Amino acid sequence: MQNSRSKPCSCPSLKLREVASMYFTAVAAFLVILVVALQGSAPRRSDFPYKVPLDPQGLLELSWNVSYPEQAVHFQLLVRELRFGLLFGMSDRGEFENADLAVLWSDGHNSYFGDAWSDAKGQLHMDSQQDYQLLGARRAPEGLYLLFRRAFSTCDPKDYLIEDGTVHLIYSILEKPVHSLQAINVSALHGGLQRVQLLKPNISIPQLPSDMKTMEITAPDVVIPSQETTYWCYMAELPEGFPKHHIIMYEPVVTVGNEALVHHMEVFQCAAQFDSFPHYNGPCDSKMKPDRLNYCRHVLAAWAMGAQAFYYPEEAGLAFGGPGTSRYLRLEIHYHNPLVFKGRRDSSGIRLYYTATLRPYDAGIMELGLVYTPVMAIPPGEDSFILTGYCTDKCTQLALPAAGIRIFASQLHTHLAGREVVTVLSRDGRERQVVNADRHYSPHFQEIRMLKEVVAVFPGDELITTCTYNTEDRSRATVGGFGILEEMCVNYVHYYPQTQLELCKSAVDPGYLHRYFNLVNRFNDEEVCMCPQVSVPQQFYSIPWNTFNREVLSSLYGFAPISMHCNKSSAVRFPGEWEKQPLPSITERLREPVPRCPPAPEPQPAAPVPLNLGQLRR
């Protein structure tokens, strides 16, 4: 559905609407002719540069391209085994209720394509505004290709607003003939979910040096466990005496046939404080995993399904190797195996491209957001509870060079309760620019994303990271921390030139939190134990979460002073007073972007497009 952030759009004049209608009709007709001309041949890969398998068996494969001038996405859906149709679409969190759908269905003789939506009960309705525009359908030896187009924003309240960040795609194959769209029972379908970043940035690929070398960090011959979710850890090491190089690019290496099972992968460099790390190749949650592997947390590369190769700007590279760094690396692979395949072998990983010819700048990674501490907590049963972490003007004034830094990529991170993450740049009390925002964030889909435009940050600027959480399925408070059922709010920003500032985060002042516990005791019958030996999490767990206690905690986080962590890579703070710091004062907020609505064609009865696909098999 068009989410709450969309705004009313001004309607173009009738004459403009007629001209636009004629234009889009002509474009659609041309593309259909083009598709017919291509009958029997697969489209060029360059026409649809982004690709992802939708289902674990690889029966549905989605490719797409993004046109920013048109403000539209062109989809190509390959159906390898067509039965009696399919549903494809988008929804807020991957639900089939309140979804925006393109539907292909057949009664066994005739086939139809239409734009539809589902209500809160899962009932399908033909959309009065047909915004999934069919461009063509054709058969090829590998299956049926379905081509269609969708504008980012349609100003149709029944449609999903395609934004930057994560999009939850849903799909289902129709196993039986249906005589009408309304006859499809969404609740009875065996559907699936795939998360992607649809709106990829339009970035030119920098020229690569002639002395570039490659290194593959891959897990050798893993037998993927026959369970839905597995995190697999593998230790690798650089050669002895490996000198400093720059990583300038990386890309995934996925074993053929496992494209639908390898969900995401990361390569971490280990802490230099240890001379050696034990070898390991097994599940990350195994009791056999050596504890020392927990000190391998410095991200070198991260990839998620649907992402392409990652390129560093031509003036910077990520340093690895050389004195003062560890030569040990940890590869982590998330296998998603919902059909519980057995005996599937995999040797996936990440291929690093690096050069000994160092670029002008070392790239750095800086942590923004909240410190990993239990003083930041979320009450249970919350639909959307907000926590904010600050990188203050005092810290950037002290730690950044006069010429500033340039942020070119970002990786947002929370644990399981995270639903939205936004980082904003503020200067002189005014919000200037969104660094990265994901309004449909999922903790199950995390990748390093190149930004559409580089963000310049200067001394005295502020970087404010806000996370929204949902704890409706929890019965006690969720505190900040490292555990998967604890929470985080982090933005790992990738920038250049590298500085000593590695962590710029905050947390509420502990003294003010103590006052909150005192207040709760004063106004509630149930006493919250504040004995010195009782931990902050235990105090939160003992709070009776009535409306008053919830609202006061939220208010506390909105006004109380903060403890700033303005840290060097050695984990030591920069010199200065960092306790009881005032919250940044924001006097001017960024305006919410107004979706640009395409000129609407003349109103027509909502009707599906008939297709000649021949008689479909049972």
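For all residues, glycine too, the Cβ spot is worked out from N, Cα and C.
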TrEMBL tags one of 319-348, 589-618 as region 'Disordered' - which one?
589-618
Would you report the average pLDDT that the model assigns to the domain 'DOMON' (58-174)?
94
Quick one: DSSP breakdown of the domain 'DOMON' (58-174) into helix, strand and coil?
0 helix, 67 strand, 50 coil
